[in-house]
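Chemist: What TrEMBL records for this protein is below:
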type: ACT_SITE; residues: E181; note: active site, proton donor
type: ACT_SITE; residues: D321; note: active site
type: ACT_SITE; residues: E430; note: active site, proton donor
type: ACT_SITE; residues: E455; note: active site
type: BINDING; residues: T541; note: Ca(2+) binding site
type: COMPBIAS; residues: 1-16; note: compositional bias 'Low complexity'
type: COMPBIAS; residues: 59-68; note: compositional bias 'Basic and acidic residues'
type: DISULFID; residues: C384-C416; note: disulfide bond
type: REGION; residues: 1-68; note: region 'Disordered'
Amino acid sequence: SPPAAAEPRHASPAAPRRLREKLRTAARMAGPPAHTAPGSRQQVQGGERRAEPATGDPPARETRAPFRFDYERFHRSLRHPVRGRRAGEDPETRSRRMKIKEMMKFAWDNYKQYALGKNELRPLTKNGHIGNMFGGLRGATVVDALDTLYIMELEEEFQEAKKWVEKSFDLNVNGEASLFEVNIRYVGGLLAAYYLTGEEVFKSKALELGEKLLPAFNTPTGIPRGVINLSSGMSWSWGWASAGSSILAEFGTLHLEFLHLSELSGNPVFAEKASTPQCLVMNIRKVLNRVEKPQGLYPNFLSPVTGNWVQHHVSIGGLGDSFYEYLIKSWLMSDKKDSEAKKMYDDALEAIEKHLVKKSAGGLTYIAEWRAGFLDHKMGHLACFSGGMIALGAEHAREERKQRYMDLAAEITNTCHESYERSDTKLGPEAFRFDAGTEAMATRLSERYYILRPEVVESYMYMWRLTHDPKYRQWGWEVVKALEKHCRVEAGFSGIRDVYTTTPTHDNMQQSFFLAETLKYLYLLFCEDDVLSLDDWVFNTEAHPLPINHTNFKA
């Protein structure tokens, strides 16, 4: 096992509390939600009001005008119209995009009819599902769908979703929430909706919810724990996580959203700089840079108390995946100024390529998992995002690596396509293996299901944008046909329990990420490149677009 990390600097227990005060003030300054048509450009309201301290609070150290984010300037800085110009497209591409728009409307209409306000739709039984992942928050599908509805120009449906957020989205809940899931779905979804439309309600809700997540950082290292009570602020690690550890993909997938919380709150001056959301997530990098990486790899479990790895399991799929994604995207979102993120990504990819990338006897390239020095020759569906990630990074790699990484991205994306192609339904299993003569197929009953996951079509979308090879659109259209044939039911879309039978059993769940990610990536695959252009936006790991910081938009 690696040597103990250097003694971490302990986070001040008061720091997240002070930051909560900041974000509360910023949310309050947003004022009442403004009622404007979607897409209207509007100034952030409330800029002229000063925050009034609560009775008995100490006075602010300084009294200067509160920060105000200039939405008008931000919107003018975008290099392309959010929804693109739709110039010169061929009729087949347009008709395929319209089909995907119809699927989104069908998914939304059934959710609205049978489950509005619940977290997901159960399409077979025509009712809603709440679950216990979001700490009592409701409407996960609403918040996840907002930006997709907007981009697809489903105006009436977008207004329905916005109205629910305004009137019914209650943040005063008492329950155990996944810090990771609440951040990527709710905070990410609200931030994206604000940046796309300028509607104040989305910003104020994002800031208020972000405030509730901060106590999770109250650990000796500042590495947040995975579960938080949104009312009491108590946090703890998942019961299944080794020795009370935090999960790499969870604490490593906060950076994009927290930087935007920092951007929009403006860090009011009565709190110390060290407790900004930006510093909380930058501290995570400090801990990771201190600890020794076995063969340059990042294991999935880290102690939030000692800052040491708890066990040596490395995966580009579940438990690890979006940590790597957020490194390259943090660099891109910083307008290529965050050199630390770029170096961490480059070094990690080099170690992955050296130790985990393998080629099967049949010539398929895959990324194996690593367990204390031994390789497990499997890939999860979740790991199939990596083709798109590697392609995105290859665009900005050193010249001698650029083509190698584009080739690697194409090979991995092809392998994930094969996992779909080799099933009876033409949809891919949750995990597939490369052993005992099996290639790109699930060998265990527990891995044969498909729950409307987006990662494969996500890579198709990136590969299309970066190469314009028509096969990626064709592969995406095959997924559309398979979804229609096997997952569409009378009242929505459902996952299936076995991709290797043409008469699959449905799981009765329309996941919120199907609307946030799967349908959005498919739609963008058949759009021109200027729709949510990669020049202007990065997608969080729930496919919520967040803007690249081309400049500072303090009003």
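Glycine is no exception: its Cβ is also placed from the backbone N, Cα and C atoms.
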Chemist: Which recorded positions (E181, E455, T541) fall within 10 Å of C384 (disulfide bond) by Cα distance?
Modeler: E455
Chemist: Within 10 Å of the Cβ of E430 (active site, proton donor), how many other Cβ atoms can be counted across all chains shown?
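Modeler: E430 (active site, proton donor): 20 neighbouring Cβ atoms within 10 Å.
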Chemist: Relative to the Cα of E455 (active site), which of the recorded positions E181, D321, C416 have a Cα no more than 10 Å away?
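Modeler: Candidates kept after distance check: C416.
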Chemist: Taking E181, D321, E455 as the active-site residues to compare, which has the smallest set of other Cβ atoms within 10 Å?
Modeler: E181
Chemist: Going by Cα-Cα distance, pick out whichever of the recorded positions E181, C416, E430, T541 is nearest to D321 (active site).
Modeler: T541
Chemist: Among E181, C416, E430, these being the recorded positions, pick the one whose CA is nearest to that of T541 (Ca(2+) binding site).
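Modeler: Nearest candidate: E181.
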Chemist: Measure the Cβ-based neighbour count of T541 (Ca(2+) binding site), defined as the other Cβ atoms within 10 Å of its Cβ.
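Modeler: For T541 (Ca(2+) binding site), the 10 Å Cβ neighbour count is 25.
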Chemist: What number of additional C-beta atoms lies within 10 angstroms of the C-beta atom of C384 (disulfide bond)?
Modeler: 31
Chemist: Measuring Cα to Cα, how far is E181 (active site, proton donor) from E430 (active site, proton donor) in Å?
Modeler: 19
